[in-house]
Amino acid sequence: MTQEERELISSLGTTCYLNITNLLIFGFFYGVAMLGILIAIWLLKIKNWREPKAIQLLCCMIIVFISTGRMVVFSLNTLMQIKLGIVEEISDVLAPDIVIAGDIDIFCTTMIVMVGDFVICWRAWVLLPQDKFWRFGLVIIMVGNIGVNIANIVLGTLVNTSTKESLLDWISIAFSLLSNTVATGLVAWKAWAHYCIMREALIWRKSHVRKTLLLLVESGALFLAIQLFALTGAILFTAEGTSASLTIPAIEQISSTLCIVFAALYPIAIIVLIHSNNSPVVETFQLTAQLPTPSVM
């Protein structure tokens, strides 16, 4: 066995190891997401498709179909890579089936992230009915986010990036991080304004710790941390390229998988929180709907 063959086998083993690890992670959270989807659909109880809740149900359905498609494609892609390395002759040239599966995976992944970002921005949009400046800002950020992600899909399908991540890969993560950061800040600010109103009205409620934890989930603090982790991994892998050791590709792929699954879970969590009456800022509509919202500028 030559040195080149050893390197190819080692590369195959590394790829299979990372793919199977990512498949297990995605499969576990896929099951969690499906459970959350069922709960969200039960809570929505759509009677008329003209209701605003119909858009939320549509987002849930999109997440179901795309996540299922991604799960199937990623599983088949992993099996095809193992077959290519063990059954067939090892080659540096990717098989057409693997290339097609990779393109579909890129599309599904990007769509999951964009739907998640849409729900995140929508949540902040609903809480700011009188703040046209921030609403306009959310629209601009979301349009830019969609544009970058579409460009990433096109580049990923037209250009072979198997040896090095495209610059747009981490730029798309950065745009998603930006939209989540702005939306998170606006939701947190609205929650704080609501708390101040309740304090002035001498309305005190129990279980502040529970509401604080729910607020952390709803405002996306955990999702922000995961996105930062994914962005760091993508930048490191882009900088290292083919010379990267096993550690950096593992960090990049695992962080990317976590970012994808939480991009699907986070909007589901928002919908469940809203319609299960456990959202700590739902009362904002009831107590501040008739009150002028102070400008954050």
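A Cβ is built for glycine as well, from the same backbone N, Cα and C atoms used for every other residue.
TrEMBL does not curate its annotations; it predicts them automatically.
Listed by sequence, the residues of this chain that lie at least six past the ends of the transmembrane segment (20-43) yet keep a Cβ under 8 A from its Cβ atoms are 56-57, 60, 63-64, 67-68, 70-71, 74-75, 78, 250, 253-254, 257-258, 260-262, 264-265, 268-269, 271-272, 275-276. Per TrEMBL, the feature transmembrane segment maps to 20-43 (among others).
Among the features that TrEMBL reports, transmembrane segment is placed at 55-78 (among others).
Sequence-distant contacts of the transmembrane segment (98-121) (same chain, at least 6 residues past either end, Cβ-Cβ under 8 Å): 56, 59, 62-63, 66-67, 69-70, 73-74, 76-77, 80-81, 84, 138, 141-142, 145-146, 149-150, 152-153, 156-157, 160, 162, 172, 176, 179-180, 183-184, 220, 259-260, 263-264, 266-267, 270-271. The transmembrane segment annotation in TrEMBL covers 98-121 (among others).
Look at TrEMBL and you will find 133-158 (among others) tagged as transmembrane segment. Within the same chain, residues 102-103, 106-107, 110, 113-114, 117-118, 121, 124-125, 166, 168-169, 171-172, 175-176, 178-179, 182-183, 186, 295-297 sit at least 6 positions outside the transmembrane segment (133-158) and bring their C-beta atoms closer than 8 Å to a C-beta of that stretch.
Annotation comment: TrEMBL describes 170-192 (among others) as transmembrane segment.
The transmembrane segment annotation in TrEMBL covers 213-239 (among others).
Tertiary proximity for the transmembrane segment (254-274) is limited to same-chain residues at least six positions away from its ends with a CB under 8 Å from its CB atoms, namely 18, 21-22, 25-26, 29-30, 32-33, 36-37, 39-40, 43-44, 56, 59-60, 63, 67, 70, 109, 112-113, 115-120, 123, 173, 176, 214, 217-218, 220, 222-223, 226-227, 229-230, 232-234, 282. Annotated transmembrane segment per TrEMBL: 254-274 (among others), in sequence order.
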